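Q: The following block contains the structure, expressed as structure tokens.
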């Protein structure tokens with residue numbers, strides 16, 4: 001077997017080894033077609049079936065009821081920051097944004113270029129160490145007619161926080177950026193009117209963006225924006241309006257099948273909680289050598305962030321970890337510190353090895 | 001070696017076998033990193049280098065002078081139909097469109113949702129069998145201040161036509177959709193202010209869209225649209241503003257290296273002309289059994305289109321071809337007929353085999 005590093009990259013990130021091996025096996029010749037899937041028209045029966053089945057599989061794994069549709073788009077979650085307000089923020093209405101990290105802030109800034117967006121809560125002044133309570137995000141009945149949606153970032157990749165529970169929004173559609181948390185945690189996804197995720201954390205390689213929406217939300221959608229920006233175009237053409245990122249959708253399919261073989265989202269969630277606990281336990285027992293960035297109830301299970309006494313020690317930690325076969329532990333360049341991204345495909349053993357490394361590093365340098 | 005079909009799909013389309021084999025070799029473990037490239041952050045030195053080098057290689061293969069920049073985006077050429085006018089069609093100015101096929105028409109329709117777009121020439125009434133002359137597309141000096149750009153579709157994938165020479169536009173920026181022709185033909189690319197191409201014909205698998213622009217064009221670009229839609233964002237961040245489709249860029253790199261090994265665009269053009277001639281010669285010698293769709297001077301070298309006596313015979317042709325190991329010969333579902341897409345990676349032998357098949361089919365059914 002090829003040597004495998006302990007991969008804690010924040011995204012693009014670890015993929016299941018067996019998915020990569022299957023993709024390698026099928027890369028040059030795809031299932032008797034005499035060519036790679038990368039070489040096949042998206043109008044072939046083989047691809048149309050793959051497209052349909054992958055959409056159905058995703059909705060089924062997420063436990064969504066009828067009325068939801070899965071779309072495959074390009075451009076990453078950052079493109080959704082613009083497409084959500086372009087489609088859903090009609091004139092005379094307000095988009096509500098909860099700002100819990102840099103990506104949430106970017107979503108809000110993009111919405112401001114499109115329409116009337118408002119910050120309803122922000123944890124910026126708290127150094128991103130918390131997320132707003134359900135109470136803070138409650139839409140008063142008197143305003144709910146004017147509010148087009150409430151947008152939240154369910155897990156904050158850079159900061160390492162997440163919503164312990166989803167806010168109550170009543171009739172107002174809840175929009176979620178679930179990029180770094182989808183498939184990692186059981187959640188009532190039908191609480192969302194729409195959610196989206198760039199693939200490169202828990203869904204597959206970079207290149208496809210998944211959008212899931214309640215079809216009736218399209219009733220409030222703009223029809224005057226370019227066709228290619230309209231969610232309705234993707235719904236109507238089942239994501240085959242133009243050429244989709246074929247191989248990325250195929251990889252997504254392999255990952256979804258792998259999720260099923262692991263026992264589904266509930267089984268992965270148990271494993272993820274165990275993985276995160278291994279790291280948080282070292283932190284909490286370190287008497288301040290490793291200081292978690294986020295307050296306990298809001299700690300992310302996917303992105304575990306911490307600081308050390310000073311930047312020199314943090315740099316030393318990263319360098320030592322790389323020598324020991326760990327990758328991706330430096331915090332986001334805008335915030336510094338340390339971060340271990342332990343997405344679904346990161347094995348328990350990698351987290352155990354990291355916990356041991358952290359303990360040993362403290363023993364030497366603490 | 002795996003069995004290989006004769007692949008004439010219009011896109012996604014044939015890739016060089018040696019590129020696929022190299023991608024397979026490196027898929028699970030990328031160059032000693034202990035992981036797949038698909039698993040590596042786009043902020044790693046390895047990916048940043050790949051990103052830079054691929055941009056430089058593309059500009060160099062296309063023979064572009066300093067002042068041009070190559071961008072890697074998502075969403076396909078159809079997204080560019082909207083982004084070109086959003087960026088470049090300022091208020092009080094007109095976008096000129098030459099309509100030479102369905103994709104050209106879609107580009108125009110999208111521009112109309114954004115600003116003031118005008119059809120300056122159309123070959124629709126001629127059944128798409130010609131493209132406008134340079135004379136027809138000349139911008140009168142008196143109007144050139146009001147014209148934001150002239151948009152052309154250099155090769156029309158569905159219809160099978162192309163511009164034999166690029167129009168003269170003087171000071172007006174020329175914008176080209178080169179999706180199905182880039183890298184297949186020597187051309188003075190510096191005649192364009194901006195050109196774009198979905199990858200899935202001559203550049204690689206679907207998933208990345210290449211945009212090349214003269215940097216000074218940004219002076220006329222809008223700054224009030226969402227950040228993620230602005231070309232300037234991609235220029236400034238060298239296409240690393242958000243997560244790019246990492247593996248698609250890698251595949252593009254392998255294809256560009258393959259182009260170099262073939263002797264560059266000029267060598268590929270000679271081969272492409274030979275490939276197309278093999279098929280056009282059979283048509284022209286068929287005494288009307290195969291009738292080319294496009295008038296001789298405008299025939300595409302990439303997408304060779306023809307009709308037969310009736311749809312039943314066309315269907316019979318497609319079915320017989322599939323039994324003989326040919327793929328992708330049915331015309332676009334909106335127009336019917338036959339089409340052989342003979343992009344760079346389609347070998348001469350495949351075209352020779354198709355020419356022989358066409359001759360034999362006529363002998364039996366003519």
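Keep in mind that glycine also has a Cβ here, set from the backbone N, Cα and C atoms.
Since the structure is predicted, the reported quantities are computational estimates derived from the model, not experimental observations.
Pasting the feature list from TrEMBL:
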DOMAIN    B:7-348  domain 'Aminotransferase class V'
BINDING   B:43  L-glutamate binding site
BINDING   B:77, B:78, B:103, B:157, B:177, B:200, B:242, B:243  pyridoxal 5'-phosphate binding site
MOD_RES   B:201  N6-(pyridoxal phosphate)lysine
Q: Chain A proximity: which recorded positions among B:78, B:200, B:201, B:242 have CB distances under 8 Å? Answer 'none' if there are none.
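A: Filtering B:78, B:200, B:201, B:242 for a Cβ under 8 Å from chain A leaves B:78, B:200, B:242.
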Q: Work out the three-state DSSP category of residue B:177 (pyridoxal 5'-phosphate binding site).
A: strand
Q: Same chain only, sequence gap of 6 or more: which residues have a CB within under 8 Å of the CB of residue B:157 (pyridoxal 5'-phosphate binding site)?
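A: Non-local contacts for residue B:157 (pyridoxal 5'-phosphate binding site): B:10, B:11, B:101, B:103, B:179, B:180, B:201, B:302, B:303, B:332, B:341.
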Q: Cβ-Cβ under 8 Å from residue B:200 (pyridoxal 5'-phosphate binding site), same chain, 6 or more residues apart: which ones?
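A: The list for residue B:200 (pyridoxal 5'-phosphate binding site) reads B:11, B:12, B:13, B:206, B:207, given in order along the sequence.
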Q: Applying a 10 Å Cβ distance cut-off over all chains shown, what neighbour count does residue B:103 (pyridoxal 5'-phosphate binding site) have?
A: 22
Q: Between residue B:242 (pyridoxal 5'-phosphate binding site) and the residue listed as 'L-glutamate binding site', how many Å separate their Cα atoms?
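A: Each residue's Cα considered, residue B:242 (pyridoxal 5'-phosphate binding site) and the residue listed as 'L-glutamate binding site' end up 10 Å apart.
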Q: Taking every protein chain shown into account, which of the binding-site residues B:78, B:242, B:243 has the largest tally of Cβ atoms within 10 Å of its Cβ?
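A: That would be B:243, with the highest Cβ count within 10 Å.
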Q: Pick from B:43, B:201: which of these recorded positions has the biggest number of other Cβ atoms within 10 Å of its Cβ?
A: B:201
Q: Could you tell me the C-alpha distance between residue B:243 (pyridoxal 5'-phosphate binding site) and the residue listed as 'L-glutamate binding site' in angstrom, no decimals?
A: 9
Q: Take the Cβ of residue B:77 (pyridoxal 5'-phosphate binding site) and count every other Cβ within 10 Å, whichever protein chain it belongs to.
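A: Summing over all protein chains shown, residue B:77 (pyridoxal 5'-phosphate binding site) has 27 other Cβ atoms within 10 Å.
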Q: What's the number of neighbouring CB atoms sitting within 10 A of the CB on residue B:177 (pyridoxal 5'-phosphate binding site)?
A: 29
Q: With DSSP assignments reduced to helix, strand and coil, which class does residue B:157 (pyridoxal 5'-phosphate binding site) get?
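A: Residue B:157 (pyridoxal 5'-phosphate binding site) sits in coil per DSSP, no helix or strand.
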Q: Quick check for the class: what is the C-alpha distance, in angstrom and rounded, between residue B:177 (pyridoxal 5'-phosphate binding site) and the residue listed as 'L-glutamate binding site'?
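A: The Cα atom of residue B:177 (pyridoxal 5'-phosphate binding site) is 30 Å away from the Cα atom of the residue listed as 'L-glutamate binding site'.
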